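Annotated features in Swiss-Prot:
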ACT_SITE  Asp14  active site, proton acceptor
ACT_SITE  His42  active site, proton donor
BINDING   13-19, 41-43, Arg306, 332-334, 416-418  GTP binding site
BINDING   Asp14, Glu15, Gly16, Lys17, Asn39, Ala40, Gly41, His42, Thr130, Arg144, Gln225, Thr240, Arg304  IMP binding site
BINDING   Asp14, Gly41  Mg(2+) binding site
BINDING   Ser300, Thr301, Thr302, Gly303, Arg304, Pro305, Arg306  substrate binding site
Amino acid sequence: MVRNVVVIGTQWGDEGKGKIVDWLTDRAAGVIRFQGGHNAGHTLVVNGEKTVLHLIPSGILRKDVICYIGNGVVLSPGALLDEMSMLEQAGVDVSGRLRISEACPLILPYHIAVDGARELAKGPEKIGTTGRGIGPAYEDKIARRAIRLQDLFYPERFASKLKEVLDYHNFLLKNYYHTATVDYDQILDECLKKAERIQPMVADVPKLLFEANKAGNNLLFEGAQGALLDIDHGTYPFVTSSNCIAGAASVGSGVGPQLLGYVLGITKAYTTRVGSGPFPTELADTTGEYLAQRGNEFGSTTGRPRRCGWFDAVATRRSIQINGVSGLCITKLDVLDGLEKLKICTGYKSKQSDRLYDALPFGADDLADIEPVYEELPGWQACTAGIKDFDQLPKTAQNYLKRIEEVCQTPISMISTGPDRIETIVFHHPFG
């Protein structure tokens with residue numbers, strides 16, 4: 001029986017999706033990226049070898065898996081070719097196994113220029129973007145002025161569209177942000193040179209995915225960022241520029257929603273966030289530092305330190321609801337080793353009144369008024385790193401995980417106890 005799986009992050013990204021996607025690909029024929037761009041940072045460790053992918057699907061390290069980049073992804077030609085070169089130098093066949101939708105909007109140098117100028121102008125109020133042009137590229141898409149991948153293979157069409165959209169962005173850069181403009185000829189020459197390498201990988205992705213599913217092949221949809229960064233459902237305006245929830249897998253790949261099956265929600269055993277925005281359970285103390293150091297909490301895309309805090313069951317429940325999560329995968333359990341006490345946020349209360357919340361408020365303004373209500377549990381001193389059998393975990397670790405299941409009202413399907421694909425405990429395989 002064919003079973004397609006959608007993998008999404010239930011927090012603010014950085015939950016460990018890359019490792020889990022890589023692990024799941026032993027039963028998948030295809031892996032699909034359906035949103036975001038090269039602002040994603042998916043870290044994979046195979047036999048001790050670390051690989052960080054930003055754009056190419058994590059299934060690329062399995063030699064028999066076909067990888068797809070769907071229309072929902074904003075594509076940087078330069079980032080794509082750089083990542084391909086990195087993988088090919090390591091002996092990975094990329095061009096023969098990568099299919100890219102011709103409908104992908106392109107990220108070009110003027111998007112990066114606008115992104116940087118905007119963040120600089122906002123000063124302390126900045127969103128904390130990766131600075132890679134993701135937001136401005138999505139803006140062009142919605143405004144119907146985007147240059148898409150298919151345009152790149154028609155030089156006259158591309159040149160005409162580039163001039164029109166660059167005039168718009170250069171006017172903005174010069175007259176609103178009072179910063180340097182971007183050179184037309186340089187972009188034109190660079191893009192046309194890159195087109196030749198990219199063109200053989202361009203394909204009708206919706207058609208290929210439909211045919212793969214019809215042939216009985218399992219498909220794995222790889223989400224980027226996390227549900228709490230979703231443009232509609234996240235902590236707006238401190239969000240990313242795309243829909244990060246499971247439903248976006250359909251829109252961003254061209255696969256009908258009836259073909260999506262199991263939704264696996266990746267969730268850290270604690271909580272982290274990169275950049276600005278509300279974070280109810282954040283720990284600005286030695287415990288937060290402990291989590292950051294043990295968890296090596298630095299962004300794989302930007303290198304920025306991640307903010308760390310206790311597990312937030314209220315926020316996770318919101319993600320479970322909006323994604324239709326079938327089961328959870330708890331990652332980085334081993335980071336909690338050595339802590340005497342642990343806390344789980346089971347509710348919020350208003351700072352101004354006695355009002356209690358059992359659901360995540362929408363938007364950053366409402367979140368600024370709340371503080372967490374905690375339930376305390378005993379920690380454990382034993383090492384859980386690399387354990388592959390639930391019964392071998394300390395009893396207090398087992399109880400912690402069971403309590404997460406109870407307060408999130410969702411079963412745990414998998415537990416990750418280390419970065420390598422083999423360091424995994426499995427209760428229920430998402431592919432059945």
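The count begins at 1 with the first shown residue.
Yeah, the Cβs are placed from backbone N, Cα and C, and that goes for glycine too.
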So which of the binding-site residues is most packed in, judged by how many other Cβ atoms lie within 10 Å of its Cβ, out of Gly13, Gly16, Gly41, Gly303?
Gly13
Specify the count of other C-beta atoms within 10 Å of the C-beta of Leu333 (GTP binding site).
22
Looking only at Asp14, Glu15, Gly16, Lys17, Asn39, Ala40, Gly41, His42, Thr130, Arg144, Gln225, Thr240, Arg304, which the record lists for IMP, tell me the maximum pairwise CA distance in angstrom.
34
I need the least crowded one of these recorded positions (Lys19, His42, Arg304, Arg306), counting other C-beta atoms within 10 angstroms of each C-beta.
Arg304
Between C-alpha atoms, which of these recorded positions comes nearest to Gly41 (IMP binding site): Asp14, Leu333, Thr417?
Asp14
Check the Cα distances from Gln225 (IMP binding site) to each of the recorded positions Gly13, Asp14, Lys19, Leu333 and keep only the ones within 10 Å.
Gly13, Asp14
Let's check the environment of Gln225 (IMP binding site): how many other CB atoms sit within 10 Å of its CB?
29
Cα-Cα distance linking Asp14 (active site, proton acceptor) and Leu333 (GTP binding site), given in Å to the nearest integer:
14
By a simple count, how many Cβ atoms lie within 10 Å of the Cβ of Asn39 (IMP binding site), its own Cβ left out?
27
Between Lys19 (GTP binding site) and His42 (active site, proton donor), find the distance joining the two CA atoms and give it rounded to the nearest Å.
7
Nearest to Gly13 (GTP binding site) by Cα distance: which of the recorded positions His42, Thr130, Gly303, Pro305 is it?
His42
Between Thr43, Thr130, Thr417, which of the binding-site residues has the fewest other CB atoms within 10 angstroms in the structure shown?
Thr43
All-chain count of other Cβ atoms within 10 Å of Pro305 (substrate binding site):
13
Inter-residue C-alpha distance, Gly303 (substrate binding site) and Thr43 (GTP binding site) (nearest angstrom):
13
